[in-house]
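These features come from TrEMBL:
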- 1-65: domain 'Cation-transporting P-type ATPase N-terminal' (DOMAIN)
- 48-67: transmembrane segment (TRANSMEM)
- 73-92: transmembrane segment (TRANSMEM)
- 227-251: transmembrane segment (TRANSMEM)
- 281-307: transmembrane segment (TRANSMEM)
- 850-870: transmembrane segment (TRANSMEM)
- 882-903: transmembrane segment (TRANSMEM)
Amino acid sequence: MLKTDTEKGISGDESDLTARQNAFGSNTYPRKKGRSFLAFVWDACKDLTLIILMVAAAVSLALGITTEGIKEGWYDGASIGFAVLLVVFVTATSDYKQSLQFQNLNEEKQNIHLEVVRGGRRIKVSIYDLVVGDVVPLKIGDQVPADGILISGHSFSIDESSMTGESKIVNKDQKSPFLMSGCKVADGYGTMLVTAVGINTEWGLLMASISEDSGEETPLQVRLNGVATFIGMIGLSVAVVVLIVLLARYFTGHTYNPDGSPQYVKGKMGVGSTIRGIVKIFTVAVTIVVVAVPEGLPLAVTLTLAFSMRKMMKDKALVRRLSACETMGSATTICSDKTGTLTLNQMTVVEAYFGGKKLAPADNTQMLSAAMLSLIIEGIAQNTTGSIFEPEGGQAPEVTGSPTEKAILSWGLQLGMKFSETRSKSSVLQVFPFNSEKKRGGVAVHLGGSEVHVYWKGAAELILESCTNWLDADGSKNSMTPEKVGEFKKFIEDMAIASLRCVAFAYRPCDMDDVPNEDQRADWVLPEDNLIMLGIVGIKDPCRPGVQDSIRLCTAAGIKVRMVTGDNLQTARAIALECGILTDPNVSEPIIMEGKTFRALPDLEREEAAEKISVMGRSSPNDKLLLVKALRSRGHVVAVTGDGTNDAPALHEADIGLSMGIQGTEVAKESSDIIILDDNFASLVRVVRWGRSVYANIQKFIQFQLTVNVAALIINFVSAVSSGDVPLNAVQLLWVNLIMDTLGALALATEPPNNHLMQRPPVGRREPLITNIMWRNLLIMAFFQVSVLLTLTFKGQSLLQLKHDNAAHAETLKNTFIFNTFVLCQVFNEFNARKPDELNIFKGITGNRLFMAIIAITVVLQVLIIEFLGKFMSTVRLSWQLWLVSIGLAFLSWPLSLLGKLIPVPDRPFSDSFTCCSRGKKEADDEKEGSAKQNNV
């Protein structure tokens with residue numbers, strides 16, 4: 001009824017696909033709408049300090065209009081109100097943009113690509129393009145992409161826990177063929193017919209009813225919330241003291257107008273004037289809190305994470321878990337797979353040893369008898385999870401499957417194999433899918449009558465151990481003597497030294513009477529002893545170009561790269577030498593070790609061996625898990641790559657799990673934190689750079705923001721206590737807050753990574769956010785700004801030669817000059833914060849256009865404020881001479897910062913970089929319970 005061929009699938013032409021989508025729907029489901037821009041505006045308005053300022057602005061506006069009339073009285077209140085609205089809208093816009101970015105990345109995460117059979121050809125399509133009637137091949141680790149029924153399968157079982165909640169593995173066969181979308185293939189392989197997609201599936205109904213926004217907070221965000229709260233408390237304390245001092249001075253007649261008269265005279269002031277004076281004082285105190293509370297810190301983390309995630313997508317890394325971005329910067333060791341990560345995953349059979357002799361070339365069939373060739377071709381065609389599409393018209397066949405399967409099938413074609421024809425001559429009775437624990441895969445086929453062949457292929461030395469006989473070139477069976485075993489082993493060793501992957505082929509003839517009947521066949525274990533060796537192939541998988549440079553870069557950055565592979569020790573050694581993981585070809589245990597040896601060690605010895613190990617050969621997924629646990633218990637922050645279903649525990653246990661986008665199964669991807677889309681080790685190193693960049697950018701922003709905080713608080717506090725007035729009023733402080741929080745975060749949090757980041761050791765996750773270097777820079781800059789601005793506050797009129805000016809004008813001009821100098825100091829401070837530990841602060845400046853744009857916008861807006869918005873900002877125009885003096889004073893901060901950087905400061909020793917950062921995902925939740933806040937305080 002679905003007009004589908006169970007072998008060739010649907011035709012796949014555009015009109016057929018459109019008709020099916022119209023009839024049965026597309027494989028998508030309606031998402032809950034994201035939050036609107038107005039929702040973010042409303043969130044920004046909920047800030048308590050901004051609410052207080054809005055109330056103060058309203059009171060100030062009402063009193064101003066009442067006492068001075070609408071023409072003059074609206075400026076103060078309106079300017080505060082406008083400044084608050086500007087802060088609200090800039091914050092809301094920034095948050096809204098980040099939410100859209102995270103939404104897009106979420107959709108990218110769910111866009112799985114899978115194989116379907118259309119027109120007899122296997123092609124890769126997006127899960128969203130799947131239609132009812134599609135035939136989908138499934139193998140271990142895949143996600144069932146839609147609802148459907150099993151057409152055929154071998155040892156096929158499904159993990160339905162995502163739908164039923166029960167972690168029971170369910171076997172699927174013709175009696176129980178129904179497959180539910182969202183479930184995972186636990187074992188075996190098979191093909192399914194899609195019968196329902198999208199909202200018509202159980203999974204679609206479930207997904208449509210839940211929201212994607214997890215609201216996840218990373219450990220760094222939790223820590224920064226603690227820092228922000230602590231700094232906010234200091235700001236609040238200062239504001240309370242300033243409020244008490246200003247009110248005391250005001251009511252005792254010690255606060256004076258510019259002309260020298262007291263602002264408050266008891267018994268002679270109207271109620272409106274008194275309230276207006278109090279509101280002004282209250283507004284200044286609240287604004288100090290606004291400036292002191294660094295709400296830009298969490299914003300900076302969000303910005304830098306969103307920026308990094310977007311850029312990492314271009315660098316072929318899809319982030320599934322936000323916290324992995326920052327944790328990657330702390331990685332001290334990377335446990336990497338070999339195949340596809342360190343190598344190209346472009347495999348070809350280059351050597352073959354069959355019939356007891358080496359074939360030259362590898363596809364020389366003339367050296368083999370017809371009977372021998374027939375067994376080899378049958379074993380290749382039937383014992384595979386790959387496929388060959390043979391187009392009409394004599395075009396080249398298309399081979400699909402894993403790289404190893406493709407290499408062997410391509411070699412089979414060179415031997416003269418007709419794939420479909422060979423498979424049709426016999427029927428499959430039972431399959432043992434390739435298993436990374438046993439490192440072999442097998443199939444039993446019925447040739448007709450009572451003749452049954454069981455074919456095995458897998459790791460050469462393991463298959464060899466199971467063989468008791470071997471076939472010579474004529475097809476004659478010979479006993480496997482110790483001399484012949486040595487000959488086979490020598491050939492395996494020679495291939496391994498040439499960095500070839502060795503795969504052996506063996507078979508065992510059986511009688512149909514030995515095979516259980518169909519009802520009991522599902523539990524039949526294929527015989528794997530007394531095998532007859534057919535031969536061995538050597539598969540070349542060249543190293544990726546540039547992988548040596550990437551490993552050298554990791555070593556310089558204090559990150560040890562360890563190779564964990566299923567290949568034998570000699571192949572692993574050869575590849576490790578080629579990649580640069582090993583430099584000495586004669587190293588021995590524990591630097592290079594087999595998985596079974598490592599597994600057998602006692603816990604304490606295993607930990608010591610893990611510290612030294614560089615290459616692990618013939619490792620199982622469980623060995624990888626043991627290695628990760630041992631390294632973490634030694635205090636390392638471990639990044640692990642994995643592609644198989646069995647790698648899921650190691651990926652989950654590691655601090656950062658990295659799955660492979662091309663070779664990785666869906667189970668591995670779901671257990672990982674980051675998906676390396678091109679399976680390339682160089683992409684993995686770029687992820688480390690971005691991880692370090694996240695941390696470095698946050699530190700730059702903290703240094704910048706705390707400098708402004710300290711300077712603004714001290715200036716206003718000292719001025720309030722000593723003179724009863726503050727040089728920076730509410731609207732000016734709100735403008736500084738905007739520069740400091742939102743624009744500062746945008747400028748510094750989006751700094752791209754550089755090579756300098758990879759020339760220093762990893763950052764411990766429990767290490768203080770503010771390093772000794774940052775304290776040095778921060779204190780020098782704050783001291784300079786406070787010294788200059790306090791000098792101007794108390795001696796400004798004489799220094800600027802304003803003694804003969806009108807008193808009110810002189811005071812306003814002095815405060816304008818202080819405000820302008822303070823803002824320009826922050827512009828130079830942003831340049832200084834870019835390179836906290838480098839002398840050349842302008843290095844690479846042209847590479848960050850956003851930084852240059854924000855600096856330009858800040859300067860242009862400052863000029864506009866001083867020259868054209870004086871009424872609103874309580875400023876007056878400055879002469880060009882005063883502008884030059886203001887720029888000169890701000891510029892002085894640059895040579896001062898250079899001198900400061902020459903002052904040596906004690907820094908952490910390298911060995912301490914990971915002594916206290918073995919905490920992983922499991923402990924991240926502890927930070928959310930407040931321990932991080934306490935540590936920071």
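Start at 1 and count along the chain as shown; that gives each residue its number.
Any Cβ shown, glycine's included, is placed from N, Cα and C.
Beyond its flanks by at least six residues, the transmembrane segment (850-870) meets 735, 739, 743, 746-748, 750-751, 816, 820, 823-824, 826-827, 830-831, 834, 876-878 of its own chain at Cβ-Cβ distances under 8 Å. Residues 776-777, 780-781, 784-785, 788, 800, 817, 820-821, 824-825, 827-829, 831-832, 837-839, 841 of the same chain lie 6 or more positions beyond the ends of the transmembrane segment (882-903) yet place their CB under 8 Å from a CB of it. Per-residue confidence over the domain 'Cation-transporting P-type ATPase N-terminal' (1-65) averages out at a pLDDT of 83. Here the domain 'Cation-transporting P-type ATPase N-terminal' (1-65) has, by DSSP, the following mix of helix, strand and coil residues: 38 helix, 3 strand, 24 coil.
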